[in-house]
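See below for the structure under consideration.
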Ligand SMILES: *Cc1c(COP(=O)(O)O)cnc(C)c1O
């Protein structure tokens, strides 16, 4: 199979070349998908078209490296590899052992950790493996509230983990910043066995040392879920929880790092055995070796200079977008961003719910997601905000001036009064499509 390297500068095209498909999808079609399952083949082509024409502003989404797409579709998917390198249950592991060992070594080197487990099938099982491996059902855990930036897997009442463990959820202060006084007070009151930090919608860097101090005071384990920010930590642009002495750092591999969908756990030597046993055989069966191979390559690419430049540009673009929105009197939670994402309070800015804002932006080809804001008075399906981020547009090669244009489009679409809006939307949609045409999706 031919693989186009991830950082080759693809020449900008003036229009959408309908006939060019990504290398990976071309393989799928060439290998008979179009004949054996025309409905799925057609959906695949339509999805390519959607990704090519639309502007992806959801901060957890990105474009996987072309090498990753190729490895996910490789024969590593055929292999069962229960166990760990050198200690497997089935034979024939000479190549899978190399792949998993490389992935583990690269992860350790990249984040400065003593041990890595690269087998979690995704972000949710990765966090479950830490809770279930190191705590007993009913144990108290302190984690960030979902509406204040935390994730479902940080003990939301609807999640199984939320029912199995006794979570207390800390909240942010009035401006949306982590309130360490409140975290410490909750820790002293509830004596958690583990303190969890990390987020899905918190637009600031995290002071891991402050968390570690509180955890040490009450004798709690520490876990940082950096699923959104691992790429920036790897590039040395955001704080690294392993440097602050955390017990566990968990991260998805498919968000800022542009790898396969999957999870990764880093820890210290003292926890290595217990952690590995918790992932397998505690929680999972055979690892997905096509995913592990793609993770290994991702970690190599993330360690290179070209990725560091990309990561730096993502953060610069986020600041530029936040500034351009603020200049248009649009209210952001915490007033800005220090990472790759921001949350617009659409209720305060436009008197509009987040789902309505998401729908209007969808109509002009900008994909965002509705988002609860701290202490949101509105329900999760009709919240007060939207969340946006810059990893995907930056992967297309967009820079500060494009962030200006995006802010202007968002402001026009959401601030126009309802009567004029219908007239304005088609022109804004054409503008967004023209912008996307100038910046092709990598690999497409
Ligand atoms: C995305 C995310 C996860 C979950 O990952 P899945 O792969 O969707 O299960 C966990 N924690 C955080 C903070 C996330 O942002």
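Backbone N, Cα and C atoms are what each Cβ position is placed from, and that goes for glycine too.
Automatic prediction, not curation, is the source of TrEMBL annotations.
When the ranges 371-398, 399-426 are checked against TrEMBL, the one recorded as region 'Disordered' is 371-398. The separation of residue 255 (N6-(pyridoxal phosphate)lysine) from residue 151 ((6S)-5,6,7,8-tetrahydrofolate binding site), Cα to Cα, is 14 Å.
Working note on the binding-site residues 146, 152: by count of other C-beta atoms within 10 Å of each C-beta, 146 ranks first. DSSP assigns residue 151 ((6S)-5,6,7,8-tetrahydrofolate binding site) to coil in the three-state reduction, outside any helix or strand.
In sequence order, 62, 64, 260, 261, 262 constitute the residues six or more apart from residue 254 (site 'Plays an important role in substrate specificity') in its chain with CB-CB distances below 8 Å.
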